[in-house]
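Trainee: Okay, handing you the structure first.
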Amino acid sequence: MNGKKLYISDVTLRDGMHAIRHQYSLAQVQQIAGALDKAGVDSIEVAHGDGLQGSSFNYGFGAHSDIAWIEAAAEAVSQAKIATLLLPGIGTLHDLKAAYQAGARVVRVATHCSEADVAAQHIAFARELGMDTVGFLMMSHMISPQALAQQALKMESYGATCIYVVDSGGAMNMNDIRDRFRALKAVLKPETATGMHAHHNLSLGVANSIAAVEEGCDRIDASLAGMGAGAGNAPLEVFIAAADKLGWQHGTDLYALMNAADDLVRPLQDRPVRVDRETLALGYAGVYSSFLRHSEAAAERYGLSAVDILVELGKRRMVGGQEDMIVDVALDLLNRNK
């Protein structure tokens, strides 16, 4: 660590959207953003769970527009930067500009780990706007560390100044994380920062984040009470407690985060964010964490087991954006069971 301060990136108000089907009220966004700001996090990501313009039949409709959520969060903070997420093909340059005007100053441009080339235009435009521009390689477990590094290089060449390893399926262990950070560090410019976005489906969210920092990672994504897709993200308050024990500088108030997690965030969960039969299946099968609620709904509709649906999705190597295939898989399983 050599005494450097970690950049703490909170994702409660973006990844956490998945946990409550994108239904945060504006008052809740203000309350949570205000608490995170006071606790000293560096950035607070705000958007529909699937990024700008994610509100749709495919992903689920949000209670409010991204812009309304971003404006609400921006009003509530005085120190932290407001971040947002953009998936090229869902969000457009127009949406990014609107988010910037609403107060977002950091953007994470997210692609499937093997499709960095679709982000060129969006990354370049974000840099033109003067945003802190991050490349976000989702489902990083699905390709080799060396292949991931080549995709990271592409994002760097388009203008991203930080590249994230994103364990969207919560499917990786500490060795997987080390291998990927070593591969990235071997090819990226020394001034290009790196980040880690973990999911807790195998209960390794915090351990994987620690392994990333040990490999030189600069930014850590985490959320209050782990609020996020699947079994959630690395729980922010737990990661900070562990970082404290390791003597790492993080600049946040642990007790303020603990209070925000239990007083503000946990009560909002209509389905507990935890490792259980279904979320463990996500991590074990390497499935996109936000498929959880969609798969549970399909299982209920067709009288199937959500685990069976998730395992089949894993076998078919489905990735984010293929939510419409969940019903297809359910119908195939129904026919198979006849």
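Cβ atoms here come from the backbone N, Cα and C positions, even for glycine.
I grabbed these lines from Swiss-Prot:
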DOMAIN    6-258  domain 'Pyruvate carboxyltransferase'
SITE      ARG14  site 'Transition state stabilizer'
BINDING   ARG14, ASP15, SER168, HIS197, TYR288  substrate binding site
BINDING   ASP15, HIS197, HIS199  Mn(2+) binding site
ACT_SITE  HIS18  active site, proton acceptor
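How buried are the listed features, and what sits near them?
Mentor: Note on the domain 'Pyruvate carboxyltransferase' (6-258): mean pLDDT across this stretch is 97.
The Cβ of ARG14 (site 'Transition state stabilizer') has 30 other Cβ atoms within 10 Å, all protein chains considered.
Its Cβ placed at the centre, TYR288 (substrate binding site) has 28 other Cβ atoms within 10 Å. TYR288 (substrate binding site) falls outside any helix or strand according to DSSP and counts as coil.
DSSP gives ASP15 (substrate binding site) a helix state.
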Trainee: Rounded to an integer, what is the Cα-Cα distance in Å between TYR288 (substrate binding site) and ARG14 (site 'Transition state stabilizer')?
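Mentor: That comes out at 15 Å between the alpha carbons.
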Trainee: Are there residues of the same chain, six or more positions away from HIS197 (substrate binding site), whose CB falls under 8 angstroms from its CB, and which are they?
Mentor: VAL11, PHE136, TYR164, VAL165, VAL166, ASP167, SER168, ASP221, ASN233
Trainee: Sorry to bug you, but what's the C-alpha spacing from HIS199 (Mn(2+) binding site) to HIS18 (active site, proton acceptor), rounded to the closest Å?
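Mentor: Cα-Cα, rounded: 13 Å.
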Trainee: What three-state class does DSSP give SER168 (substrate binding site)?
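Mentor: Reduced to three states, the DSSP call for SER168 (substrate binding site) is coil.
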Trainee: Other residues with Cβ within 8 Å of the Cβ centroid of ARG14, ASP15, SER168, HIS197, TYR288 at the substrate site?
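Mentor: Counting only non-site residues, the set is VAL11, HIS18, GLY49, MET138, VAL166, HIS199, GLY228, ALA229, ASN233, SER289, SER290.
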